[in-house]
Amino acid sequence: MSKKTDTPDYKPSIYSLTRDELIAWAIEHGEKKFRASQIWDWLYKKRVQSFDEMTNISKDFIALLNENFVVNPLKQRIVQESADGTVKYLFELPDGMLIETVLMRQYYGLSVCVTTQVGCNIGCTFCASGLIKKQRDLNNGEITAQIMLVQKYFDERGQGERVSHIVVMGIGEPFDNYTNVLKFLRTVNDDNGLAIGARHITVSTSGLAHKIREFANEGVQVNLAVSLHAPNNELRSSIMRINRSFPLEKLFAAIEYYIETTNRRVTFEYIMLNGVNDTPENAQELADLTKKIRKLSYVNLIPYNPVSEHDQYSRSPKERVEAFYDVLKKNGVNCVVRQEHGTDIDAACGQLRSNTMKRDRQKAKVGR
């Protein structure tokens, strides 16, 4: 039976250590600082998946590493490849729980969407991620491991492709797992490791205003996206429970603080739900809402991926999206209709995991 705990009882991944933590651990166990640098190089540049592959590390120290850590804690369960090059992965954690990761081919390179929690408690009424409530947070090693396994998938193909961008937009609310997400960001951004540029990394939040303020003061130069999805409190509270705790006034005060502190642009994610939030009046409300920060904000209009459990929602027709877009553009709003990826596979975030868990339960019943 899967353990439902934020402190799982299994050997940690070495990916959970920052470079400084790995150096401290090596010194504590009788090695020199350079030994940690060698291990770091094996992990993130040579991208080995076992300590035994580290040929310049002594057998005794490899035994110590094996005693205390694993390299990658994830097991690949399912891989779905789309005709457009999108790849969706279902990974199994050491405690048997399942998470999703998505690789998207963009014109600028390979972008990976990572998951930060097992399940989600935010409660957006249109989203597949919240079909299963939060079981636990992922530790930063389990988040990093997603990137490493996706990169391994492409390394084995011998095409020389490299993960160049990361979006922290998978299952879960990243700012509800703040400490682990922050360590993950610093690990993948480390110049001595994967060296993924901060401006190639985007973190998305449903709107935890106090965490947006905290994030503004961290000094990390990654991009921030806010899942907005509605232009007024009444509508947003009806489809996003988080708005009852952090209404738009509080959220936008935090966003303004973030922009003033970092001088960085904020992206607003807006899923187009037919007959719900997609009228020209809604578009005008959105334009008015973002007017004060227009120069440093951007709106992503997102086609909805239908979820069978949320059949009260459907995708806005193309003409409604175009009319909405036109109102925004007339008001000087920087906006784009997001390109779709993986429409021929379990495309909605959380859908592959949900469908697999259903099949697993059905098999278990048959086997009784």
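Keep in mind that glycine also has a Cβ here, set from the backbone N, Cα and C atoms.
Computed from a predicted structure; not experimentally measured.
Annotated features in Swiss-Prot:
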{"type": "ACT_SITE", "residues": "Glu100", "note": "active site, proton acceptor"}
{"type": "DOMAIN", "residues": "106-344", "note": "domain 'Radical SAM core'"}
{"type": "DISULFID", "residues": "Cys113-Cys349", "note": "disulfide bond"}
{"type": "BINDING", "residues": "Cys120, Cys124, Cys127", "note": "[4Fe-4S] cluster binding site"}
{"type": "BINDING", "residues": "Gly172, Glu173, Ser204, Ser227, Leu228, His229, Asn305", "note": "S-adenosyl-L-methionine binding site"}
{"type": "ACT_SITE", "residues": "Cys349", "note": "active site, S-methylcysteine intermediate"}
Ser204 (S-adenosyl-L-methionine binding site) CB neighbourhood, other CB atoms within 10 A: 20
Least Cβ-crowded entry, counting other Cβ within 10 Å, from the recorded positions listed as Cys113, Cys124, Cys127: Cys124
Structural state of Ser227 (S-adenosyl-L-methionine binding site), classified by DSSP into three states: strand
Recorded positions clustered about Gly172 (S-adenosyl-L-methionine binding site) [Cα within 10 Å; pool: Cys113, Cys124, Cys127]: none
DSSP three-state assignment for Gly172 (S-adenosyl-L-methionine binding site): coil
Residues near Glu173 (S-adenosyl-L-methionine binding site) in space but at least six apart in sequence (CB under 8 A): Thr116, Gln117, Cys120, Asn121, Ile122, Thr205, Ser206, Leu208
Recorded S-adenosyl-L-methionine site residues Gly172, Glu173, Ser204, Ser227, Leu228, His229, Asn305, farthest C-alpha pair in Å: 19
Surrounding CB atoms that lie within 10 Å of the CB of His229 (S-adenosyl-L-methionine binding site), all protein chains: 24
Inter-residue C-alpha distance, Cys127 ([4Fe-4S] cluster binding site) and Asn305 (S-adenosyl-L-methionine binding site) (nearest angstrom): 9
Glu100 (active site, proton acceptor) - helix vs strand vs coil (DSSP): strand
